Amino acid sequence: MGRLLALSLLGIALALLGERLLTLRNRLKASREVESVDLPNCHLIKGIEAGAEDIDILPNGLAFFSVGLKCPGLHSFAPDKPGGILMMDLNEENPRALELRISRGFNLASFNPHGISTFIDSDDTVYLFVVNHPEFKNTVEIFKFEEEENSLLHLKTIKHELLPSVNDVIAVGPEHFYATNDHYFSDPFLKYLETYLNLRWTNVVYYSPSEVKVVAEGFDSANGINISPDKKYIYVADILAHEIHVLEKHPNMNLTQLKVLKLDTLVDNLSIDPSSGDVLVGCHPNGQKLFVYDPKNPPSSEVLRIQDILSEKPTVTTVYANNGSVLQGSSVASVYDKKLLIGTLYHRALYCEL
């Protein structure tokens, strides 16, 4: 009887593991392939060889790139090189990406930038918020951008127990932001277990010097985050659920869910087209290729444009798609004055004139 019970329990456990594995493959879109959608006037950006995970563009056309992200278990083309912040002036005829100098006292050797966001204060001071993973820990760094010197002055490092696995931020004040946690745990093994079991414990946190609180939760893996042009709504990408959540922002900074847009791809970072309010999404058509890197079968890239996201039936179009022959693992797409920048998790970056 004891052996029969043990065998039954083993069978149930194996069935559960098999079901979780099948579910994970579906969440990763492990069988999906893309057909190329090309843009005519594109070239790879010189100087970006190991990823530009996130891009943010100021209203004056200065674009910031977060480069060189490294995560446990994730492929890297430059595993021993620290990350950095690059800048490109999109008003130039032939813009180049230049690395910004960072003030003394900041630990450049362990700089591992992830999501970024800019904020312009009432006195025109530009702040750059950077999710940082020094030694695979989690901080948010606040810099002041000094344009004349092409440099960043480090102002503050933020750590908090409600920020255990930060992915992206959207700045809403000089020391105020919303942040996504893509996992509930910070321990690598528990992160893997959490993802495998599909616990949906990830969240969005609001941070200010006087208050830190969870304002939205229940995501599979909260990823990119941005804000509508009128500052009334927050958009959150849930990468493994293939969803974009639209949340209404209240005066107390709490969020309530308004709608969910379901897509057929892994949605990463979100950017706003300043001329239209459209949402541009850097996507991963096949997550398994992204996380299990094979140079002979590299991860593909996909960029979507979402028009009228607040409407009952938003219009979703594919702006760009590639099987990995040009661009591998697109994570972000940002636009300024008919110029499109596409960044990747750990590969190159693309500049296109639309």
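Using the three backbone atoms N, Cα and C, a Cβ is placed for every residue, glycine included.
Residues annotated as signal peptide in TrEMBL: 1-15.
Long-range Cβ proximity for Cys352 (disulfide bond), meaning a same-chain Cβ under 8 A and a gap of 6 or more residues, is found for Leu39, Asn41, Cys42, Tyr320, Lys339, Leu340, Leu341, Ile342. Residues annotated as disulfide bond in TrEMBL: Cys42-Cys352.
Remark: Glu53 (Ca(2+) 1 binding site) has Ser66, Val67, Leu69, Pro113, His114, Gly115, Asn269, Ser331, Val332, Gly343, Thr344, Leu345, Tyr346 as non-local neighbours, by Cβ distance under 8 Å and separation of at least 6 in sequence. According to TrEMBL, the feature Ca(2+) 1 binding site maps to Glu53, Ile116, Asn167, Asp168, Asn223, Asp268, Asn269.
The Ca(2+) 2 binding site annotation in TrEMBL covers Asp54. Spatially close to Asp54 (Ca(2+) 2 binding site) yet at least six residues away along the chain are Phe65, Ser66, Pro113, His114, Gly115, Ile116, Asp168, Asn269, Ser331, Val332, Gly343, judged by Cβ distances under 8 angstroms.
As annotated by TrEMBL, active site, proton acceptor applies to His114.
Neighbour count (other Cβ atoms within 10 Å of the Cβ, all protein chains): 30 for Asn269 (Ca(2+) 1 binding site). Feature annotation from TrEMBL assigns N-linked glycosylation site to Asn269 (among others).
What TrEMBL lists as N-linked glycosylation site is Asn323 (among others). Counting Cβ atoms from all protein chains shown, Asn323 (N-linked glycosylation site) has 19 others lying within 10 Å of its own Cβ.
Put simply, Asn323 (N-linked glycosylation site) is 17 Å from Asp268 (Ca(2+) 1 binding site) when counted between their Cα atoms.
Annotated Ca(2+) 1 site Glu53, Ile116, Asn167, Asp168, Asn223, Asp268, Asn269; additional same-chain residues within 8 Å of its Cβ mean position, judged by their own Cβ, are Asp54, His114, Gly115, Val131, Thr180, Gly224, Ile225, Ala237, Ser331, Val332. It is Asp268, among the binding-site residues Asp168, Asp268, whose Cβ has the fewest other Cβ atoms within 10 Å in the structure shown. Around the Cβ of Asn223 (Ca(2+) 1 binding site), a 10 Å sphere holds 27 further Cβ atoms from the protein chains shown. Counting every protein chain shown, the number of other Cβ atoms lying within 10 Å of the Cβ of Cys42 (disulfide bond) is 17.
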